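Participant: Here's the feature list from Swiss-Prot:
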BINDING   16, 17, 18, 19, 20, 21, 132, 133, 134, 135  GTP binding site
DOMAIN    4-185  domain 'tr-type G'
């Protein structure tokens, strides 16, 4: 199809504002799509996405649309809405000319909506504001229109109003997309230049790559070269998604599609790479693709050490479709061989762990997450550590700096006081208060990332009944009074349970930690002391009592000395067992430790 009839666009929005449902309605309106094949969340292909009702992976689909007697080609990229997956949004925007900025009329513009707007503006994309859920009783359409007017300066009367659930206003939206999203500008006659914006591993085809052709064209059997790895492959299969995989012989400038080339070396494929023809050595790579840096770090260890090689293989495959994931191999004294991973947030961590367990049949234990600290030693040397157990002795440390993030919290007026108290309790530094509209405010705080990753978000949702939304961005490192708290079980240090806490909150955190461990670790045949220490000083302690076996049950009548003898023998046995016995940790221990009870 000629380029003037192609429209490449993404749908971006806050979580739960209806992106996937709107995608379903657009797919439903496309030419040639059979309605019997439609299912809810059509573009959410992972089981975990359907169960949680959220989008995790971006997904691109080609749709043929009719407008009057003209046919158009839409390339729609559905994107996640959660703050942890912002990098997926930035990847999809690199392949588009326009975006639909979708807002739920019952909730208004949220913190993540504004963050996504800035992403679109940075990429110089045409932004089409769209108001969804206008048919609901609680919808405040006029207020949302005014909020869009303040944010983007658009005429409130030109904003499309839709209900993705019922299909209201979808036809008008299609017309708006055709009129406002500019067609791609690529030249088919120029040498091939394509952006690799996503990939995944197929056990039969090898690596399957999703690309946007910016210049030239790509044909079946063409030889291609990856600009970064310099690897050369021959195209085996080529095609589009509509939303099912469909093979084609050629992809032209402006189009979005996929290819497989029998790629088995996973390291050859890097999302964000530029693809050119094999003989082309002069075409420069496409600019502007940013590498995303992890925010939190966590160790993953297989319960069965024999699964370690399977875990290594699984990590190589999963990183193909998740460029934000970083990992390196490590060994824990308590948990054995594993990988230390860098994630963008707690949801990202949960999703990766769940995918590893489901897709690769692994049983994993995850250590408590931490952030990356900068440590200045007394000899002037600087270290960067993301594993608390590697922190040097206190006598060698001059200062420890921790990452601070700028937090944006959008909330209704009447929760303002309680949220300010919450931020102060999490060592927040107040910056400013902004007015969004008559009854909504935006709080801006500087906060330590190490505090946010524990229970801040859950507590925020709890005290605001779910009405607050949160977004954050890295600001800077600040020197803080921090200490390493080590946990000892049965007088043995468990390195995977170490954590770093602020001096003012170390005792409180350590006490809670010990109490939780007491609840979560099952009773053994011997008594287990749980101790939290800073250096050589014990700051908190709990004890798990031994399981009592009634050794006198088989006695009847007779001499009391026989009973005493059996009890003494049991006592000696427990002492011996305590000296050599190891404490078994349940698999779900670490995830439960993260959930703050109060």
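Cβ atoms here come from the backbone N, Cα and C positions, even for glycine.
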Participant: Among the binding-site residues listed here, 20, 132, whose Cβ has the fewest other Cβ atoms inside 10 Å?
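Facilitator: Result for the binding-site residues 20, 132: minimum number of other Cβ atoms within 10 Å at 20.
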Participant: Of 16, 18, 134, which of the binding-site residues has the most Cβ neighbours inside 10 Å?
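Facilitator: Its Cβ has the most other Cβ atoms within 10 Å: 18.
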Participant: Would you measure the largest Cα separation among 16, 17, 18, 19, 20, 21, 132, 133, 134, 135 for the GTP site and round it to whole Å?
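Facilitator: Maximum Cα-Cα distance: 18 Å.
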Participant: Determine, from DSSP, whether residue 132 (GTP binding site) sits in helix, strand or coil.
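Facilitator: For residue 132 (GTP binding site) - judged by DSSP and reduced to three states - the answer is strand.
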